[in-house]
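Taking it in order: structure first as structure tokens, then the write-up.
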Amino acid sequence: MKRDNATWVSEFILMGLSSDKHIQAGLFVLFGVIYLLTLLGNGLIVLLIALDPRLHLPMYFFLCHLSVVDICYTSSGVPQMLAHFLMEKKTISFALCGTQLFFALTLGGTEFLLLAAMAYDRYVAVCNPLRYTVVMNPRLCMGLAGVSWFVGIVNSAVETAVTMRLPTCGHNVLNHVACETLALVRLACVDITLNQVVILASSVVVLLVPCSLVSLSYAHIVAAIMKIRSTQGRRKAFETCASHLTVVSMSYGMALFTYMQPRSTASAEQDKLVVLFYAVVTPMLNPLIYSLRNKDVKAAFSRVLMKNIESKN
């Protein structure tokens, strides 16, 4: 279709990771196993939090939201990626491409904001433990989660709209594994100044600001822990934050390195790795980190398992 001498395509061709059939078969098995582990791990976290009353706390309320985000995020792109590993022609329609981009941006942005909310929860737990239940009341928790989702959706709607409006003058080959903002912008045959401004503003809203809030929270947390005299007390305080700090370092670290660097130094291959990291690897690792390094989650799993065994007997 044509408008004002600019051309929009009806579908895109995704180059993917490799054109070699044997490599694609191996990648299908690898990513298929990772996807199943992601669904199982995050689904188990949500189930444990729902079934065990002892996990009905602010920290696990946010963790439940994070697991739902991870399930949806990985499901927005991985099934299509798996299907493309088995297909000769890897195409995606214009409408489906825009839909995929919208959900990926929504869920990615929401996750960063939820991590900031979880950092505030840990700040209150360590720095103001006596007022924890008063400060982190259900209304505040629902408000923080609601704002995270709302900002994620609005930010995504704006970025998706300005990205999908770009004409490509007939070019429809995306050097990527999925419909991603930077890959689509590279195909544009018009001025992209507005897109660059929107991408920068988006990075500030869903990445730089939450990261700053997380850093501020942990600066106060570290200061409070250093004031604790006993080694056991310090260790216990640190353990309450260890899982979250690991996920934060992993998520924000690569995102800041990638999206806040000059665009001239970025490459299509680097963008592919980032998308794979967030859409495939991170959603799988998050439940492992929170279960292996969290005594409450492991204890809840044991209780639910024992209760199941006893009910069968």
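For all residues, glycine too, the Cβ spot is worked out from N, Cα and C.
Keep in mind it's a predicted model, so treat the numbers as computed, not measured.
Going by TrEMBL, these are the annotated features:
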TRANSMEM  25-50  transmembrane segment
DOMAIN    41-290  domain 'G-protein coupled receptors family 1 profile'
TRANSMEM  57-78  transmembrane segment
TRANSMEM  98-120  transmembrane segment
TRANSMEM  140-158  transmembrane segment
TRANSMEM  197-225  transmembrane segment
TRANSMEM  237-261  transmembrane segment
TRANSMEM  273-292  transmembrane segment
Ranked first among 57-78, 98-120, 140-158, 197-225, 273-292 for CB pairs under 8 angstroms with the transmembrane segment (237-261): 197-225
The transmembrane segment (57-78) and the transmembrane segment (273-292) contact flag, 3+ Cβ pairs under 8 angstroms: yes
